[in-house]
Every structure is written in C-alpha cells, then in structure tokens.
C-alpha cells in the first residue's frame, strides 16, 4: 500500500487524469458496450439475419472511383483544402471507416494529438460515435484531433446508427442531428413513421459544418437556422462570417458543401409527395421463405425496379432510366460550365492580387466567387440530385454560372485598371497530377506518409479496439 502511495505521488496530474479516464472507460465497457448503443453490427446477424446480410452486401461496391482524376478542375476549385489532395466517389456503408482512414484528407497522424483533421470527421462514419457521445458527452467527444478516435471508431455505419438498441425502432442517434430537426420545426419524436424513415438518413446525408466558437469548437452543426435552401444557408454562413478555408489562389473565404441530399430531396417531386429515402433505396423485399423485410443494401432504385419505382410508376424501367439519364446529362453540362468559369475566376483573382489589388477592391469579387462556388458545390455534392430534384439542381447551377461570370467581369475591369489587358494564363490542368503540380502539391510525400501510417498506425488502432471490445458483455 505504501509503495502504491509513492507511485501515485510520482504521477503528474495530467497522467493521473489520463489513467483515470482510461480506467473509467474500461469499467464502463466491461458492463456493456453502452446503455443505448451496441456498436458491433455483427451482434445482430442472427436476430435480424435478413437485414444484416443485405446490409453486409453494401461491401459489393468495392470499386474505388477517383473523382479528381475524372475531373481535374476539382483540384483547382479546392486549392488549399483537403479535397484537392484526394476525393473518391462514395461507396457503400461497409466502407465508411475504411475510406476515411485511407483518404489523404485525414493525413498521416503519428499520435492522438497529430494530424490535420478534428474528431468531428468521424461523426457520420460509425455507431461508435453515438456510443462515445453517450460515454463522454458531446464536449468530450468533439475535443481533439481525428486521430484520437482511431482506436475507438472501428465499426462501420450500421444497425445502431438508425435503430434503438436491439429493436427495429428508428432513432436519431446524433444529438446534433436531433437539434437540427427541431430547428426546422420537425422534431423526430413528433414525426410520422414515413418522415422518420428519411430523417434517420438526414442525420448524415446533409450539409453541416464544424463550429469555431470557443465554447463549441469542433462541434458538428447543420446550418439550418434560417432554413434549408441553398440561399438560406448561404445567408446564414455570411451572417456568422464562416468559412471552411481560404482558397490558395484567389484568397476567397470559401464554403465547402458536404452532401445535402436531405435538403435537396425535400425540394424534389419525391420529397414533396412523401416518398421517403427508404421507399426508393431500401425497399421491402421477400426472402426465400416468403417473408418480407427491409433490404438494407442501400443502392440505386433501378437495381430493384419492381420493388421501388414500379410501386408508383406505370412507365417501364427503360423509359424512367432514359429520363433520369437525360436529366443527369443536363446537370453535368451546367456543372462543367460553372467549373470552367470558377477555375478562370480563381486564377484571375490571383493575378489581381499579384498586380496590387487591395482588399477593398477584391471584396465584392471574392463574395461573388464564394457564392458561386458554394452553389456549384451544393448542387454537385448532393449525390443523386439528378433524380431527387433536377430542376433545383439546374436552377442552383445556373445561379453559380451567373455569379462566377459576375466575378470575372469585375476582375476584367480591375485588371485593366491595373494595366493587365491580356488574358490571364491558365496552366495545364488537364490531369489530376498536372493540376496538383500547378498548385505545388508534393503528392509523392503525402502518399508515402499515408502508406507508412496505414502500415504502422492502423494495426495498433485495431489491436486497441479488439482489446476494448473483448471486455464488452
């Protein structure tokens, strides 16, 4: 006992607090995973076999599509931000944790206090997130760097993200999402079953940002205080003078849209007619014993046409697919026009700074660029918008083109005033590698650091998680 007292005295206050925290967490874990959340999806594979097996089939979307390689302009549009390093098309829920670990955007942290990203980057990736919030509170969960959560957030998006523990009953598992629904006058506990089916998806398939206020630094918040349209959120961000980053070329205080699928779905024909996300992406199907269940392989409705589209539409699959492809082509065309204007605007703004433009002269120009790119990003980041709300997508992209053009007209006038009358040269950005090189990005170094991280750090995270989960009852 005396020896123990001496050891205690030698421990610093910081190390003692850390030891106490670890001990407390293991004591809690020894009781059960969490009172409200069982993060281990495999626990439910027998009780809810059909749902579990179909959920597991989301692993079949194993192909990785490099969005930057497919559209190198994105590198320039996101210059100075993590997405210029690496951005792949989204895959199935089974890959949520894997992909956020592997992306260059999360860096190659050497320890829990290292790396470029905050803890909030885990927030939509795993049922371990609500578990941690229940154990630590939001203040404890959001505090610190992304790497802090590495050994804790290991179970991919699954059962407890959307369901109450051990039951099919739907729930919102993130307090920040619950607050957001209340903000727009649709509290989850008062919603219909049909609305709840979309609201659980709206925990993550939404626009959000990380707060910068001292008392809530790094907290996730949905910018819905003034409404959920692109203009209302833009006005909200402007009012609080928020920006995600400063553009490396134009020095514009930029906004990065996330994936506002819920907001755009609400504005489309399906949302307005009470057709939920589940109706189209998780339909009722019949197993080999003739029993119906909800298919949890979230995917393209056309892959299960008879159980999805055909329950409402009398037209053929070929007809509806044709219409959707036409709409997608129109959205893609306007998207490209907006990108072309924005890329030139960023380079022209960089030139204006170079030849002596003042902040006062640049402010209205940067506002136009900020608003144009926000609107472009909002439309394209809303995956499936060509099916959900094509008219809204085209409207938003049209305003993006207009605002980018406005910025370029002002830039032409300002550049002429500064003596620049020739067109501003745009470097070769025809490939992802050339675009990244034009920005001076050392991709070899970033990739090497990431590979070392995957080799040296990830196995340690998994081993720590395995030991912790072994104490669960």
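Backbone N, Cα and C atoms are what each Cβ position is placed from, and that goes for glycine too.
Cross-referencing 93, 313, 346 against the heme c 3 binding annotation in Swiss-Prot, which names 201, 204, 205, picks out 93. Within 259, 270, the residue that Swiss-Prot lists together with 309, 312, 313 for binding heme c 5 is 270.
Swiss-Prot names 159, 162, 163 as heme c 2 ligands; from the candidate set 281, 296, 371, the record adds 296 to that same site. Here Swiss-Prot has 277, 280, 281 binding heme c 4, and the candidate from 56, 388 in that same listed site is 388. Residue 258 (Ca(2+) binding site) and residue 124 (heme binding site) have their C-alpha atoms 12 Å apart, to the nearest angstrom. Across the fold, the C-alpha of residue 121 (heme binding site) and the C-alpha of residue 208 (Ca(2+) binding site) stand 11 Å from each other.
Secondary structure at residue 159 (heme c 2 binding site), as computed by DSSP, is helix. Close to residue 259 (substrate binding site) in the fold, though at least 6 residues off in sequence, lie 90, 204, 205, 206, 207, 381, 382, 383, each with a CB less than 8 Å from its CB. Within its own chain, residue 296 (heme c 2 binding site) has 51, 52, 54, 55, 58, 282 as residues 6 or more apart in sequence whose C-beta sits under 8 angstroms from its own. Counting only the Cα atoms, the space from residue 256 (Ca(2+) binding site) to residue 281 (heme c 4 binding site) is about 26 angstrom.
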